[in-house]
């Protein structure tokens, strides 16, 4: 069999386009390869946020949303909008998974624990959903409602949690029941890279009220954390308990509702509540009445989900498999789930003909300490796969722009972009050497805005700006403007001379000659 000439899609995570060069790590980095590609190859900008990816208008994109839209070849109605709509329609308050779980605890006189990322950021959760769950528990008769706050500072400004905490203090006062019971940064509660020592801190706080600090109010806990120079993301385990209040530790018969809807950073803390969990020794294992996931975090987590995934038929991965094509998915640990699970529309298992390759992300506290991450090793494997002649289609994600962008350290983000540029040069050379085709894009922006232009503070969140799309291959092809992420799969099928399934409603972004 002759060697295949692959079509590779390289996703530069967090590599957005912004006209303003100020505090723009991408524009100000020394990137001769990317500059040359923009000057000499077909390229355009495409949308990766808001309505174009199934989010509310103006809402910044994120990796889960981006990869789901890319892989689906159609705009996918995201969990954020789906859940928000259900609250507005009233369906949320009759959701069977939620009502059953709450009523089990309420009828036994036990507590309803509501936990999640306390944030208006809309990436992993939304505090409006958390407020609705609290109101629902109160209306159903819960007397003990405990809110466990994971603080953001990553998809929101680094010190922005106070407004949210005050909002919920006011809500509990209005309801006349319930309280905020704990605070902890998402660094501990929402790890996704098997840093079980961090997860253990959060688990002990939630299950046993074991904390580094105990204070009498949420705002006091936050103020103390700031005085220790801890931004929201890194706030240490803090119990909120005023004198005379009983502990909010979880006990037998309690119910837990986990209000994050994005799966990747919800899995580890959820697994810590499973009966057969062994990644660290648990000091307390309450026999909960129910633990409800807002969405399904993984197929092998056997817990109820309030909003199970909608099934996406004939995603790019499934369609390539049906057509007998060989495909490779490759990334570092940090974005491995995105090029596999999310790209496949929430399908955990590989399709026939799909190979997965994982490169371990470096074990550092924060990625500004190693901005190149594992890009050199990833590139070595990617180049070998391109030249190996085995695969028809290759999907690769480089996490650097996003993961280093999230640290808010500008110089490190510049170094990350420069490291990537060298890697892209090797990939382009490999593609050309085998007569293949290459598309370079991003799932959302991040590193192009390292300072918030409104506040002047460090900007660690994603952006709602467009992302590049570059094509290396047939010089006769030109790219259309006005595209979006969901146009990539039909475009790739067209480039591969494969028919496009009816479910893919995205447009082909080439003016085919």
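FYI, residue positions are counted from 1 along the chain as it appears here.
Cβ from N, Cα, C; glycine included.
The active site, phosphoserine intermediate annotation in Swiss-Prot covers 63, and the record cites sequence analysis as its basis. Swiss-Prot lists 13, 63, 443, 444 with the feature Mn(2+) 2 binding site, giving sequence analysis as the kind of evidence. The substrate binding site annotation in Swiss-Prot covers 124, 154, 155, 186, 192, 262, 263, 264, 265, 335, and the record cites sequence analysis as its basis. As annotated by Swiss-Prot, Mn(2+) 1 binding site applies to 402, 406, 462, with the evidence given as sequence analysis.
Taking the binding-site residues 13, 155, 402, 443 in turn, the residue surrounded by the fewest other Cβ atoms inside 10 Å of its Cβ turns out to be 155. Close to the recorded Mn(2+) 2 site, the chain also has 11, 14, 48, 61, 62, 66, 67, 335, 338, 397, 402, 442, 446, 462: residues not among 13, 63, 443, 444 whose Cβ is within 8 Å of the site's Cβ mean position.
For the binding-site residues given as 124, 265, 444, the lowest number of other CB atoms within 10 Å of the residue's CB is seen at 265. With a cut-off of 8 Å between CB atoms and residues at least 6 apart in sequence, the same chain places 14, 154, 367, 446, 460, 461 near residue 406 (Mn(2+) 1 binding site), listed in sequence order. In sequence order, 64, 295, 296, 297, 298, 337, 341 are the residues near residue 263 (substrate binding site), counting only same-chain partners six or more apart with C-beta under 8 A. In sequence order, 264, 265, 267, 268, 334, 337 make up the list of same-chain residues 6 or more apart from residue 192 (substrate binding site) whose Cβ falls under 8 Å from its Cβ.
Spatially, by CA atoms, the recorded positions 63, 124, 155, 402, 462 include one closest to residue 443 (Mn(2+) 2 binding site), and that is 63.
For the pair residue 402 (Mn(2+) 1 binding site) and residue 124 (substrate binding site), the C-alpha distance works out to 15 angstrom.
If you draw a 10 Å sphere around the CB of residue 462 (Mn(2+) 1 binding site), it holds 31 other CB atoms from the protein chains shown. Taking the mean position of the Cβ atoms of 402, 406, 462 as the Mn(2+) 1 site, the remaining residues of that chain whose Cβ falls within 8 Å of it are 13, 14, 62, 63, 154, 155, 401, 403, 405, 444, 446, 447, 460, 461. Counting every protein chain shown, 28 other Cβ atoms lie within 10 Å of the Cβ of residue 63 (active site, phosphoserine intermediate).
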